[in-house]
Amino acid sequence: MASRRLLSSFLRSSTRRSLRPSFSNPRPSFLTSYCSSPASILRRYATAAPAKEPAASKPAGTAGTGKGTITDEKTGAGAIGQVCQIIGAVVDVKFEEGLPPIMTALEVIDFEIRLVLEVAPSLGENTVRTIAMDGTEGLVRGQKVLNTGAPITIPVGRATLGRIINVIGEPIDHRGEIKTDQYLPIHREAPTFVDQATEQQILVTGIKVVDLLAPYQKGGKIGLFGGDWVGKTVLIMELINNVAKAHAVFAGVGERTREGNDLYKEMMESGVIKLGDQQAESKCALVYGQMNEPPGSRARVGLTGLTVAEHFRDAEGEDVLLFVDKRFRFTQANSEVSALLGRIPSAVGYQPTLATDLGGLQERITTTKKGSITSVQAIYVPADDLTDPAPATTFAHLDATTVLSRQISELGIYPAVDPLDSTSRMLTPESGEEHYNTARGVQKVLQNYKNLQDIIAILGMDELSEDDKLTVARARKIQRFLSQPFHVAEIFTGAPGKYVELKECVTSFQGVLDGKYDDLPEQSFYMLGGIEEVIAKAEKMAKENPQ
């Protein structure tokens, strides 16, 4: 009986509290705030004390400090939305007004980290589905979200050289913020036909085997095929050192944290990246979307790296090198995003927009009248199946392929580029008759030597004809002459790096084909630059070992 009286007393007191006027409780509870309509949240947020204004160097509307008023009717910039559903990396946001367009960046307000959401499709009824660029742990329904009214915007320019940034342009190298007033959105249109340069030019790298047999095109796309420990990283750093006088960008798409850290340290040791007061002399900017990042981050980090490179091309008017490692992980990340958005998969489980996703990025890598972006992309072939949709779609965009061979690496010949498997569209008579004939002559000699190796292994050199013996001797000299010491490897080998001009390279190999240097020992051709160094080394060897 006592318990019944206690319960009825509690109910009467609760009823009286619920009938009190709202002004008697000026501090609403969390439940009241959470259950309010988006319109009331927007009004309350708009009348709150203004937040601190963003720095002048930051792009407008990217700091999550909006006042709740729409500043652009077309994009809905400044509108405040509310998280209504969270499914892993997918976040649904509801707006009472100011619905953002696709690819607009939204920022979660008052969150423990800077969480950027990119708008995907609209779900109707003022709700948009977004992809998170970072982890959504700790995000709750009802959390406020600001419509920035613009795509993801990142810092660009010389301030990014020597720094590591993530997909949204935040520095992750613990060396302070990037101080610049230059920003660009990562979603941009490809250069128009009028702006593009139609003249094809060879991009001289100073690396003999590349320039002679598989030359790169300015503004072209190069596929870099190579396994572990065959010199891929050293080749990348040498290209940065030789070609990119001040501008190169490395985009690690789905990069292992350990690999990214190792590359950063190797670049510092080789002088590609400099710290402290000499940071302005750095030659490379690094953009990482690590393997443990959400798929949205890995799918967009390639665009972030490309945007940094585009600024150097368009504003600085320079030839930029863009390295993407790995291209397959970019496709994989977009496939994950497509599955999260509920799209029906296409062949072999890839997203139905595979060609569009890849083409949108590749078409921005081109030569304009101001400068060029030359892309070197590491290509992974799943199960060695060249008909797989991912590599097959990529091959359609490539202008050259550089294949690193483990067999050549085991011979101690570096760079370990396979001269027979590497190809280029630039190797045509139109690019230079002498260059073309010399390159084809070198490949013919090497192919004949490869065909004779089985006979040599079974019968020996003595059973070969005189012409075949001459072919083998010249091929072995050519094989060793294709080796070259790198500038970035000086600290490991002690040998000074060599840069060989294209004309000197062609003349030297033509001389070997013509038999001008048949009397020189093949050891004198190993790890040198031009033919003059070979002659000098042969004379030195003759003096040291007189016969």
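Placement of Cβ uses the backbone N, Cα and C atoms for every residue, glycine included.
As recorded in Swiss-Prot, the features of this protein are as follows:
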- 1-45: transit peptide (TRANSIT)
- 52-62: compositional bias 'Low complexity' (COMPBIAS)
- 52-74: region 'Disordered' (REGION)
- Gly226, Gly227, Asp228, Trp229, Val230, Gly231, Lys232, Thr233: ATP binding site (BINDING)
Output field, ATP shell: CB within 8 Å of site CB centroid, site Gly226, Gly227, Asp228, Trp229, Val230, Gly231, Lys232, Thr233 dropped: Leu404, Ser409, Ala416
Around the Cβ of Gly231 (ATP binding site), the count of other Cβ atoms that are within 10 Å: 19
Under 8 Å by Cβ from Val230 (ATP binding site), counting only residues of that chain that are 6 or more apart: Leu404, Ser405, Arg406, Ser409, Ala416
Same-chain residues at least 6 apart in sequence whose Cβ lies under 8 Å from Thr233 (ATP binding site): Asp262, Leu263, Glu266
Surrounding CB atoms that lie within 10 Å of the CB of Asp228 (ATP binding site), all protein chains: 8
Candidate with the highest Cβ count within 10 Å, taken from the binding-site residues Gly226, Gly227: Gly226
Where Asp228 (ATP binding site) falls in three-state DSSP terms: coil
Residue, out of the binding-site residues Trp229, Lys232, whose Cβ gathers the largest set of other Cβ atoms within 10 Å: Lys232
